[in-house]
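First the structure, in the form of C-alpha cells, and then the observations on it.
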Amino acid sequence: MFNKASSILSRLAGWDENRAPQNTAGSGDDPGLPNVYNAPFFYGRITRQEAEDILKVNGMQEGLFLLRESITPMGNFSLSIVHGDGCVHYSIEKKMNGQYMVGEGSPFSDPLSLIEHYQTMKNGFITTPRVPCNRQPDQEAIAFRGLSVKELHAHMKSAAKKMNANLSRALGPMRESLLMHVLQTLHERMPWFHGEISRDEGIARLEHSGHSDGKFIVRRRADGQSFALTMSHENAMRHYLINQVDGESYCIDAGPRFKALIVLIDHYHNKKDGLPCRLTAPCPNPSTDLRTWESYQQLTKNLTSKTNTASTSQGSPSMSAISRIPKPASTSNGSPGMSPPSRPPPLPRVPGNVPTRAVPSPFIEPREAAGASPLWDTPNAHFGEEEEVVDDISPFSDAEPLSFEEAEMLESTYIGIRGDVMSTDLKPEQVILEGKLGSGQFGEVRKGRCELGRQTVPVAVKTLKNNNPDGEKEILSEANLMKKLDHQHIVRMIGVCKGETLMLVLELAELGPLKKYLERHQ
C-alpha cells in the first residue's frame with residue numbers, strides 16, 4: 001500500500017524509477033496546512049474525555065465548542081459542544097467523495113463550512129456551536145501524542161521533496177497518500193522509540209527513569225520484523241509483542257491492527273484496550289536531543305491548563321537524568337539507539353522512586369537470547385471495554401424514553417425471538433438501516449429495524465466499513481462472545497447478517513451507554 005503511495009507521488013512529479021529524476025525537487029508551491037488544521041478551536045487528535053475537560057475548565061457556557069480529529073477512524077472529525085450541564089458530541093464523517101456530513105445531514109466541502117452552517121441552523125442539533133473554545137497561544141494541535149500537526153506537515157513536506165514530488169500535488173490532492181507513506185517510518189523520530197536494543201537494556205532504561213503507571217518504551221527486536229512494548233504498571237514491568245502482519249499492519253496479540261507503529265502507540269495512549277492501563281509518559285531514548293524532548297513535553301502537557309507554563313507529565317524524567325544513561329553504540333547501519341553491550345552497566349536509581357516489584361515468571365523473561373522463544377504478557381480481551389462504546393452521536397437519532405410497560409414488552413419480544421434467530425444468519429432484506437448512532441474502530445453503529453415473520457423490532461446494527469478483513473474478524477469474535485451472554489441488564493445479540501457488508505444485529509438501548517446517561521443526568 002505504501003509503495004503504491006510512493007509510486008503515485010513519483011508519477012505526479014513526472015519521473016519514474018528507471019531513469020534519473022528530473023530537476024523537480026521542491027517544484028510547485030507548498031499549499032500549507034488545510035484550513036481546518038489552522039482553526040484556533042481545532043485541538044487535533046484528543047479524546048472525548050479530554051474535550052469535555054477542556055470545555056469544563058473554560059466555563060461550560062452554552063454553545064461553547066471545539067473541533068477534534070476522531071481517534072478512529074482517521075480522517076473523520078468530532079464536534080464537541082456544551083449543552084446544559086454536559087457536553088454533546090457530533091461525529092463529522094468524511095465520505096468517499098471527500099464531502100463531510102453529520103449523520104444524514106447536508107454535505108460540506110470541509111468541517112469549517114459545516115460548523116458555519118450549524119451556527120445558524122440547528123437542523124437536528126440540540127444546541128448550536130456559538131462560542132469557539134480556542135487553544136492557548138502556546139498550544140499546538142495534536143497530530144499524534146508528542147507530535148504537532150505543524151511538525152507532521154513539515155515531515156510530509158520533507159518526504160515529498162526527497163521523492164522529487166510536486167509539492168502542490170503531494171500536499172494537496174495526494175495529501176492522504178503522502179501521509180500514509182510518512183507514517184511508516186515516523187516512529188523512528190519519536191522519543192519513545194529506542195531502536196534495536198536488548199530486553200535487559202530496555203528494562204534498565206525504564207527502571208532508571210522511575211516507575212509510574214503507563215510509562216513505556218518501544219524497541220525493535222533482533223528479528224527486524226517485530227517490535228516490543230515495555231510498560232510500567234503498579235511498579236512492575238509488562239512486555240507486549242508487537243507483530244507486523246503481512247508487512248502492512250501492526251498489532252498486539254489479537255488486538256486491532258494499525259497501518260503504522262506510531263498510530264498503534266497513539267491508540268494505546270487514548271485507550272487501554274486490553275493493556276493494564278493507558279500509555280502515559282515515554283521513557284526517552286538517550287539519543288533524544290533536548291529540543292525534541294522539550295517539544296514533546298510541551299505538546300503533551302495538561303490540555304486543561306489555563307496557564308502558558310509547560311508542565312512535565314507525571315513521571316517524565318528530565319533530560320539531565322536521561323543524559324546520565326550511557327549512550328549505546330551504533331550498529332553498522334548507524335541507526336540511533338542501537339544495540340549496546342548485552343549486559344548494560346548497573347544504573348543508579350532515580351531518588352524517590354519505588355523499587356521494582358518482582359513479577360513472577362512466566363510474565364517476564366530474564367534475557368531475550370538469540371533463537372529463544374520469549375514469553376510475553378497477554379492483553380485482556382480487546383472488546384467489551386468501557387472505552388469501546390460508541391464515541392459520538394448523531395443529531396438525527398434522538399429518542400424519547402420508553403415507558404416501563406413499553407420496555408417490559410420489548411424485553412419480552414427480544415427474549416422470544418433470540419432463540420429462533422441465533423441458529424441461522426439473518427437475511428439482508430430482514431434488516432432495515434436508519435439513522436447513524438455512532439462510529440467505531442471498523443465501522444458504524446446504526447439504528448434500524450429487523451423484520452422477523454410478522455414482527456418488526458427496533459435494533460442497533462453494527463456495520464463493517466469497506467469490508468475490512470480485520471474488522472470482520474473483530475466483529476465475528478465479538479459475535480461468538482455475545483452469543484453466550486443472556487441477561488436482561490446486558491445488551492444481547494439478535495443475530496449476524498451477511499450482505500454487502502457484515503452486520504451484527506443487537507438489541508437497541510434507546511438511551512445509549514449507561515455511564516454517559518448518568519453523566520448527563522447527574
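Each residue, glycine too, has its Cβ placed from N, Cα and C.
Given the structure is predicted, the values throughout are model-derived calculations rather than measurements.
Residues or ranges marked as domain 'SH2' by TrEMBL: 41-133, 192-283. What TrEMBL records for 303-321 is compositional bias 'Polar residues'. What TrEMBL lists as region 'Disordered' is 303-359. Per TrEMBL, compositional bias 'Pro residues' is recorded for 338-349. Taken from TrEMBL, the feature domain 'Protein kinase' applies to 431-522. Taken from TrEMBL, the feature ATP binding site applies to Lys462.
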Helix, strand, coil: count each for the residues of the domain 'SH2' (192-283), based on DSSP.
21 helix, 29 strand, 42 coil
Cβ neighbour count within 10 Å of Lys462 (ATP binding site):
25
For the domain 'SH2' (41-133), residues assigned helix / strand / coil by DSSP:
20 helix, 30 strand, 43 coil
